[in-house]
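Student: OK, Swiss-Prot features for this one:
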BINDING   Ser58, Thr59, Arg60, Thr61, Gln85, Arg109, His136, Pro137, Cys138, Gln139, Cys266, Leu267, Arg294  carbamoyl phosphate binding site
BINDING   Asn167, Asp227, Ser231, Met232  L-ornithine binding site
Amino acid sequence: MMSNNMPRHFLDLTELPTSELRNMLSAAVAMKAKRKANADGEKPLAGKTLAMIFDKPSTRTRVSFDVGMRQLGGESIMLTGAEMQLGRGETIADTARVLSRFVDIIMIRILNHEALLELAANATVPVINGLTRKSHPCQVMADVMTFEEHRGPIKGRTIAWTGDDNNVLASFAHAAQRFEFKLNIATPPQLSPSKALRDWIKASGAAITIGTDPEEAVRGADCVVTDTWVSMGDKDGEHRHNLLKPYQVNAKLMSLAHKDAIFMHCLPAHRGEEVTDEVIDGPQSVVFDEAENRLHAQKGILAWCLGAVA
């Protein structure tokens, strides 16, 4: 546990006990309910300022954090990698020290996970991982919230991941341990989880299986999750598409899941590639609730980081 004078960072799900993650989600659920009832008059982060650092632009992350901070009574400013020359001019450590004198909390979206860790190590205010190449904990907190909103407690349930190995999958693996659900992973052999993630899974004791058969992974699952096959800037798109075609989430694959299974995707989706229109627009899809819950889950995270949530 962190000491009272240490900032409350949100860097990875593995860094925090389940009780703290649950406190954030409980706060998120309560704040969403109050917002829907027009009863969210409390502004627990009034007078607080969030600095949002983006290595590259992101519509969803920027809007959800900006709106979330405003709804909690605070304000935000956006800084881009181009503006800051992060790590190329002033060092990351010095940037962290300076920003800590100006703002109350920092959210950073940067591919280099080590840069996130260096920023957090030198900041005297909380730092939130908005996304790195290694993990995407804010997204998966929203996903857990969405599952429980639709299907009740996630503990003991089965989540199936089909497609590529990426940062969202890593955070799902971390969540499987923290929230005690089963995770079935199916990827092409050439795109299987990294050795580092495999080693972590083995040591974690989490109920996670890794395979190559999407039908086996999805069979009987309570939730099916996928993500885009080719991230922005990837140069081997055609090769990856050929490998991943058998992992498309379509009606046939969804029919193998539990009859009440839901479908999730963090968006943006490439329709006709990793998922068909029939599935993403169908009755089992909760992708837009999931997208909305980024806002609410991140409000819970912001409030926890700044001590407004126990």
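Positions of Cβ are set from backbone N, Cα and C atoms, glycine also.
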Student: With every protein chain in view, what's the tally of Cβ atoms within 10 Å of the Cβ of His136 (carbamoyl phosphate binding site), excluding that atom itself?
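Tutor: Excluding its own Cβ, the number within 10 Å is 26.
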Student: Distance between His136 (carbamoyl phosphate binding site) and Asn167 (L-ornithine binding site) at the Cα atoms, whole Å?
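Tutor: Each residue's Cα considered, His136 (carbamoyl phosphate binding site) and Asn167 (L-ornithine binding site) end up 6 Å apart.
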Student: With DSSP assignments reduced to helix, strand and coil, which class does Cys138 (carbamoyl phosphate binding site) get?
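Tutor: Its secondary structure by DSSP: helix.
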Student: Want to know which binding-site residues, from Ser58, Cys266, Arg294, are within 10 Å of Asp227 (L-ornithine binding site) at Cα; which are they?
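Tutor: Within 10 Å of Asp227 (L-ornithine binding site): Cys266.
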